[in-house]
Structures are given as structure tokens and as C-alpha cells.
Amino acid sequence: MEILDMTVEQLRNAILDKHLKSEDIVKAYFDNIKRNEPEINAYITLCEDYALKEAKDVDKKIANGDKVGRLAGIPIAIKDNICTDGIKTTCASKMLYDFVPPYDATVIKKLKAEDAIIIGKVNMDEFAMGSSTENSAFKITKNPRDITRVPGGSSGGSAAVVAAKMAPISLGSDTGGSIRQPAAFCGVVGLKPTYGLVSRFGLIAFASSLDQIGPLGKTVKDCAELLEVISGEDELDNTSSKKHEKEDYLEGIDDGIKGMKIGMPKEFLNDGLDPEIRKCIDDTIEKLKSLGAEVCEMSLPITEEGLSAYYIISSAEASSNLARFDGIRYGYRPDDFEDVYDLMETSRSEAFGDEVKRRIMLGTYALSSGYYDAYYKRALKLKKKIKNEFKEAFENYDLILSPVSPVLPFKIGEKKADPLQMYLADIYTVNINLAGIPAISLPCSVSKEGLPIGLQLLGPHFGEKKIFRAARALEKER
């Protein structure tokens, strides 16, 4: 089997059995990056010298019989809003074009502790605000399945590198669908974990109550393995869960779904859903039944209002979080300015892109005197209702089935001029973030034009094991 086609498990076994060297694997991926990167535009920063040095160190440990981590020698790509000590972290923004963090995010520390090898930082929508990776200040990433189309966003680079075989696994972040939608558009697997399961320390914040780091990979098992490494309580993140015991996500992953009860919300099968995606969902329902699951129509009425609540809450939190980028403490600074006020105004005007400015303005408006109660407070009440509605649903159902996106991967530039249409593409994903529950996106089928179609499986808080089991059962049927 070719190195680029191997799963994490296959790569690890080949390294430990000394059939392959980590250095050979890293070189194979960099060779493929050099072939495909000019067309795909997925990487912002490549770490070839660093990665080869780390790979040689892993090979030396194995040759000496030393103990190595569970991801020893495995290359991984990192979304460029996750801090990496000594490696540029830009958030795909002019504001942070030369920012080099002096520390590692907690997830990066955990990856390094397991001997994973960072091969580069990947493109994204600026400050994770977008659904197409067209909002990057540096480049537009293309979908490896059809280079005239977007890879999704905001973690478009994270999904594209896995789909293009330019990394076996990657990390993304998900605030309103930013792992799941790109995974669906690029035909890979991506998980948004339960809020608090993975530390956010070192993740440059967009909306702190919604952001969550998660894995993307070729297979369900790859994502389960990566989640096991990065999950767990962190004293540096006071929102990380202190109650949940660390789990073995691979244990029982092949046990099947016989006896599971899966809900299909009727609100998710509305007229705005592309007919080919609807057919994929219908076919999946029949497949789930044939595997022994019970699939029932259900209702989640409050979720129809989730999109408006999401954009108010996320924009309000972004307005607050991005206030720190002022040209004084760090970030872009113009050459000419008259005084401190001009410095702040010019820095933000020149360094933030249009979408970031749009959301800062929306968030500031929602938080302003006279509108706080009408917009922000009301959105928070709706968020609580959505969380409760999902909680009640999971008292009767093990999992919930859903589309990921109402549309197939769209053409580059098709929706850029119409922010509302872009926002509507998140209609099936944002409620999961508002509720704080986990959800996985996995490939379901392909359209008549050969475009990937993904589906979502939603679970209760800390229901990742159940999600992985069901996703794995469907994956084996493909």
C-alpha cells in the first residue's frame, strides 16, 4: 500500500514494525505537498526542516528500543489559529501576519508528548469567520475534489490537506460548523467534540462559548485516535470539563448499532435541502435500519431559530475577543499615525478583512445600550432553550441524524458577495455549537457531478463513543 493511502493505525504499525521509517513518511508527504500545494493553496506555513528533524529523532528512539508515543512519526497539519511555539500563527489575517507564539496550545503539547510531527499550518477563513476559506488574507484554498469549488470553512485548509493526501490527519476548530462543513465538502471525516472535552488554551478565540478544537482524518478510527490524544481536563482552560473521565474511543468502535434508536428531525428535511443530499439522507436511513438500528422521525422546532441566535452570540463574543488587536500590544501596526487613537483606528481598518469587520460591527451593535436586551439577551435565552431541547431529545434517542449543509460544495466566488446566503449554509451545524453537544461529519455519497456529500451524527454531551460506533458502522458499508 502507498504511504499516502495509509491510515494512522497502518502508519503506526509500519513504523513500530520497522517496515517504514518516520523520515520516509514525512518525505512522502512533503513530496506530495510540493506537487499539489501550488494548485490547492492549503498551507500558510510549511515546517519541512523541523518535521524531518523530529522524524529522525523518532526513528532513533525506535532503533534504540526506547518507548515512543501513540502517534510516533505521524505527520499532522494544524489550523493556523492554534498556537505553536516558534511557528508562525496568523489566523489567516494581516493583523497577525508575522505573529510567532512563545508557547504551545495545550493540544499541541499533547501531540508532541505522543511524538506526532507537525508538518505545517493550514489556511482558514480569517479569525475562523466564514464558510468557504475565501476570507483568508493570504490565499483562497481550493477543493481537491473540484478545484473550481470551495473546500468549505472555516477549517477549509484542514479538510483540504487530508483530502489531497497532503497530511494524514489534521486539527481544526469548530464554532458553528467549521470542522464538519469542510469535512463534508472535501469528503473526509471531521468531529466537533463536546464543548469542554478538548482544551481551548492556545486557540485564538473567535467566540469563546462556542469554539472547540477537533480532529479531521481519512477514517472514523483516525479521528477517534486523535481525539483520545487531545482530549482531557486542562487547568489552563477553566471551561474544560473536570467531571468527565478520559475514554478509550477505539474500544467497542466496531460493535455495530443494533438496538440503537436514532432520530431524524423533520425540520432538517425542508425545501431548502438539495435533492441529492436528501436522497443521501434517505438512503442512510435505510442503511441504518438494515444494520439493526431503529430510525424515527422526530421534531426539534426551536432549532429553526438557531441561526439568528448563533450569529448574534458569536458576533458579540468576537467583538469582545478581537478588541485586543489594536496595534499597540501586538499585531499589525501602520507606519504612519498621528496619535494613539489614529494608531488603533488605522491598525484595525487596514488589517481586518471585510467579514471580520462586518461581524465586529454586528456584535458591537448587539451589545450596545438599548439593543442588548432585544438582541444579545434574547439570543442567550434561545441558546438555553436549544440546549434543553436537545437534552430532552437524547432522553429518547441515542443519536440524531442530520445533513451537514443544505447545499453541495459551491463555486469559488459564488456566494462571496452575498453574506446572507453564506450564513444560511450553516443552518444545520450551528445548533450543535449552541447546545455544546458533539457531532461527526462523515462521507455519505457523491453527487452526479462527483462532489462529496456528507452527513452528520449528533450525540448527547460526552456521547463521542456512541457517535464513533455508529459512524464506523456506516463507514464499513460504503
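Residue positions begin at 1 at the first shown residue.
Glycine too: its Cβ is placed from the backbone N, Cα and C atoms.
Predicted, not measured: the structure shown is a model, and the values here were computed from it.
Taken from Swiss-Prot, the feature active site, charge relay system covers Lys79 (among others). In sequence order, Lys121, Val122, Met124, Ser155, Gly157, Ser158, Ser170, Leu171, Gly172, Ser173 constitute the residues six or more apart from Lys79 (active site, charge relay system) in its chain with CB-CB distances below 8 Å.
The active site, charge relay system annotation in Swiss-Prot covers Ser154 (among others) and rests on similarity to another entry. Counting only same-chain residues at least 6 apart in sequence, those with a Cβ under 8 Å from the Cβ of Ser154 (active site, charge relay system) are Met124, Asp125, Ala128, Met129, Gly130, Ser131, Thr133, Asn135, Ser173, Thr175, Ser178, Pro182.
The active site, acyl-ester intermediate annotation in Swiss-Prot covers Ser178.
There are 37 other Cβ atoms within 10 Å of the Cβ belonging to Ser178 (active site, acyl-ester intermediate).
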